[in-house]
């Protein structure tokens, strides 16, 4: 499942983030706030040989381990804002004296007006950088979605980021701090709900895939697979009794096996100090989760086929939530020494009920499984439709490509033909010289005149015969110098 988004953060940043996430209470309990060293998921704390008399060790200066990401997409911005605010003495004092309700009502944010000018200037620059980062992300998302030619309304898109005031991208104001505190608190408090939904989806997906696999088998293979599945379930359920988380029996077992102490000498106050790994006087959620390791090892072994490590992390978180709900009376996500000692006197601590593990509590109902499978079916149909549409588009593009290739070939052939014509040497017709009034002799064959016709070229020296003209002469030609009788008016005679 990975690290929790509210894993404790180291150093000055950690103290205030812890205040934001875990109701912002008692974070500046110690006087120096120089180095907070944390060991995540600590199973045991080294102790001296005199294990019944444990003195709280003094804080030792050391290099803080790398901070763990909260899981928020604005994690870096949150850390840097807190880091700068912590440098202001006035703000640190107000934070130390402000309770959770006042923080939620925005009273802490109003103290920003009294922060030094130097810190405010640094906060202004942080906000400008964050707004620029968000705008870059918006533009990148638009480019990925293919909207390069569309105008981007950054103001409208920035509204989705509720942790800052997008109307003023230049300066860090009271409203920015107020939004940042509320957003971080709400986002992290809602993480448990989201995590439960994710785990439920994981379990339904695993079951759905198993059922689908069975459909691909024949009767013999299906029967064999079902028998193997039931065998794995039985092996997983066959484990030692799990103690009720947060009960005396559970803590005594840690006291004995992890701390190496006599269970008869169990002392709640000493136990608390042993496992308050950073010595801040509180059990946070991660310090509580570390106490459940021995119980989880009874159920889960990463080398066993039947044990799912994702389920182990879910079981760990279920245990932590249960203890928090019983012990954390002021709901600040921290268990103080006082709250712990009060809880150890309750009946639930001394005589707890049995603890039902995950295999005894199915993560989803039959109705939820039915809806989940219907959703998967719809998703599959949508994907198939999209695949079909894409295939049609591909076929059409291939057809168009073929047409373009054909046109390209035809165009290339035409260009080559034109190039050949340009390179051919076409000789011009020979120039004809004519002297005087002589008619140029046409080139070509000579065609004789029909019988009864005279070659006019004989009567006109130098005149050459025109084939075309000869062809137009009628066969019954006569002396053209004398008019024809039918052409004379009545009563006229032709002169001899």
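Here the Cβ of each residue, glycine as well, is placed from N, Cα and C on the backbone.
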Need the matching range: TrEMBL marks region 'Disordered' on one of 207-247, 248-288, 289-329, 330-370, and I'd like to know which.
207-247
TrEMBL annotation of coiled coil - which of the ranges 146-173, 174-201 it falls on:
174-201
Under DSSP, the domain 'EF-hand' (315-350) has how many residues in helix, strand and coil?
24 helix, 2 strand, 10 coil
Distant-in-sequence neighbours of the compositional bias 'Basic and acidic residues' (389-401), which means Cβ under 8 A and at least six residues beyond its ends:
none
